[in-house]
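What follows is a set of notes on a single structure, which appears directly below.
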């Protein structure tokens, strides 16, 4: 192994450890906190956590084996099962994050009607769609033998070694990423922009009340007044920072999954990309 492969292997090990620890902690919080279990978003978080855990256990160790051995881990049948899980779990994770954004949008924009609009059975219906959506794409890819070991990715994933069905595979890949990654990204942006708009409106109202109070308190010390003004500024920035972090996390986790599919789409992409190491 050269230096780049050693660094990449170490990075994969670090990602596996961090992913296991973080998702296990989320699972422990869900199991031991009854308040979280009562809340509707807890179902989306639980589904997302399980998908991430299964993806970490099933895909990433085999990616590490592929990097070290430079060969397919296991037989073709085993690799197809792993590729099916990789496609299904990745899709489910993206849609779960989109479902969380829809839940937060309803909670912030329609707070008085939230409990009537987003009940546990509504959350179960949304999760049912995410599972059906994920299952349909992964099943089609598996039935058409479009999952297998890919040397560039060093893992079992979407792959089409047959030239005869290359056009169909390109069309499938474009539809898959459009109705999964792109759709989830658009949902996240639209919902959280509306949440940010409401948050800024409430911050503006709080700022007006604060300024009126400061005007009435003529004897207030200048340092206290300055701290109040600084707190107003931090309040305005806090909502933007949180929303940007959530959307940025989505892009950081799943954009490489889409970008590394470019080598399979020669009409659209021409640059080589690094190996996919999982999420």
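Cβ atoms here come from the backbone N, Cα and C positions, even for glycine.
Automatic, uncurated: that is what TrEMBL annotation is.
These numbers come from a predicted model, not from an experiment.
Looking at 243-259, 260-276, the range tied to transmembrane segment in TrEMBL is 243-259. Transmembrane segment is the annotation TrEMBL gives to one range among 88-114, 169-195, and that range is 169-195.
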